[in-house]
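Some features that TrEMBL has for this protein:
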type: REGION; residues: 1-26; note: region 'Disordered'
type: BINDING; residues: C12, C26, C29, C35; note: [4Fe-4S] cluster 1 binding site
type: COMPBIAS; residues: 14-26; note: compositional bias 'Polar residues'
type: DOMAIN; residues: 58-214; note: domain 'AAA+ ATPase'
type: BINDING; residues: G66, K67, G68, G69, V70, G71, K72, S73; note: ATP binding site
type: BINDING; residues: C224, C227; note: [4Fe-4S] cluster 2 binding site
Amino acid sequence: MSDVPDNANEHCPGTQSEQAGKTSSCQGCPNQKNCASGATKAPDPAIAEIGAKLSTVKHKILVLSGKGGVGKSTFSAHLAHALANDGTKEVALLDVDICGPSIPRIMGLEGEQVHQSGSGWSPVYVEENLAVMSIGFLLRMIKQFLRDVDWGDLDYLIVDTPPGTSDEHLSIVQYLSSTHVDGAVIITTPQEVALQDVRKEIRFCQKVKLPIIGVVENMSGFVCPSCKNTSQIFPPTSGGAERMCENLKLPLLGKVPLDPRIARSCDEGKSFLNEVPDSPAAKAYHSIVQSIQDYCSNRVTDEQSTD
C-alpha cells in the first residue's frame, strides 16, 4: 500500500484509512498520534470543488444552536423570506438537519422533488428569487449538497444545521473552508438549560474559527395578539441571552417573542412576515435581518479596503 509509512507497524491499515491510528496494530507505532488525529490524511478534493461551486454566492450564513427545539429552522425560514422580500436579491435556503428536516413543511414544499440537470441538482423554488434544498427532499451527503446543487448567482445562502456540535457541523465548516463564510447566527431560548448548550456551540465556533454574527433569543416572552401584554413563558432565570452576550462579548441581534401565528404560518407553509407584517415578532425579525445584512455589507467593505 502506497500510504503505509516505511516505519509503520506490521498490518498497518494505511494513513488514508478510516481506521488509521485506531487498530490494535497501530499500538506503539510512531505515527499513531498523527494518524488518529487525521493529520496524515490527504485533503478532501471536494473542498476545492465546493469552493469553486459556491464562488458565485456573495454571503453564506450558518444558523446554529446547541440544542433542538429552539426554533432554529423557523428562524432560518423567516430569514430567507425576509431577505427574498427584496426582489433584487437572489436567496437560497439549504436544510442539512439530518436529525429532522422541517424546512420543506415550513416553506410549503412537502412532497416536492429535486431534479438533476447537466450542471447539477436544481433546487425547489418558493418564489422566483427564493430557492430551497432540503435533506428532506432526498437524503444525500452534505458534501453533495454543497458541490452538486446548481445554485446559480446568489446574494445569500442560509444553512439550517442540525442541533448540537455534531460531525455534521464539523463537515459543513470543513467543506466551506475554501469559501467566504460570513459567520454564524446562534439561536437560543431564554432559559438556562438552553443557554448551557448554546455556550457549547459558541465554543465550537470559536475553536474552528467560525465568526459569530450574533445571538438571537427566540420565544422571548409571549405577546398576546389581542391585548398586547407580554408574559414570560420561559423565565430567563440567569439573565437570558442578553446576560450571556454581555459576558461573552457577543452581539445580541434581537429577541423574537412567541406568537401562535408563527406556528400557524409554518404549518401552512406561509411566510409569517407577509401574513402578519405589523406584529411585534415580525418587527423583531426585520430588525434582526437588518443587523445581519449590515454585518455582511461591512465585511465586504472591510475586505475591499484591505485588498
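Every residue gets a Cβ built from N, Cα and C, even glycine.
A quick note: this is a predicted structure, and the numbers were derived from the prediction, not measured.
Counting residues of the compositional bias 'Polar residues' (14-26) by DSSP class, helix then strand then coil, yields 3 helix, 0 strand, 10 coil. The [4Fe-4S] cluster 1 site, placed at the center of the C-beta atoms of C12, C26, C29, C35, has further neighbours from the same chain whose C-beta lies within 8 angstroms: A8, N9, P13, T15, A20, G21, T23, S25, N31, Q32. Cα of G68 (ATP binding site) to Cα of C224 ([4Fe-4S] cluster 2 binding site): a distance of 25 Å.
Nearest neighbour of G69 (ATP binding site) by Cα distance, taken over the binding-site residues C12, C35, C227: C227. If you compare Cα positions, V70 (ATP binding site) sits closest to C224 out of the binding-site residues C26, C29, C224, C227. Looking at G68, G69, G71, the binding-site residues in this record, the fewest other C-beta atoms within 10 angstroms of the C-beta turn up around G69.
Considering only the binding-site residues C12, V70, C227, the Cβ with the fewest other Cβ atoms within 10 Å is that of C227. Fewest Cβ neighbours within 10 Å among the binding-site residues K67, K72: that distinction goes to K67. Over all protein chains present, the Cβ of S73 (ATP binding site) has 26 other Cβ atoms lying within 10 Å. A 10 Å cutoff on Cβ-Cβ distances gives C29 ([4Fe-4S] cluster 1 binding site) a total of 18 other Cβ atoms nearby, all chains included. Of all the binding-site residues given, namely C26, C35, G66, C224, the one with the smallest number of surrounding CB atoms inside 10 A is C224. Ranking the binding-site residues C35, K67, G71 by Cα distance from C227 ([4Fe-4S] cluster 2 binding site) puts G71 first. When the alpha carbons of C29 ([4Fe-4S] cluster 1 binding site) and G71 (ATP binding site) are compared, the span between them is 47 angstrom. A gap of 42 Å separates the Cα atoms of K72 (ATP binding site) and C26 ([4Fe-4S] cluster 1 binding site). Cβ proximity to the ATP site centre (mean Cβ of G66, K67, G68, G69, V70, G71, K72, S73, cutoff 8 Å) flags the following additional same-chain residues: S65, P163, I187, T189, A194.
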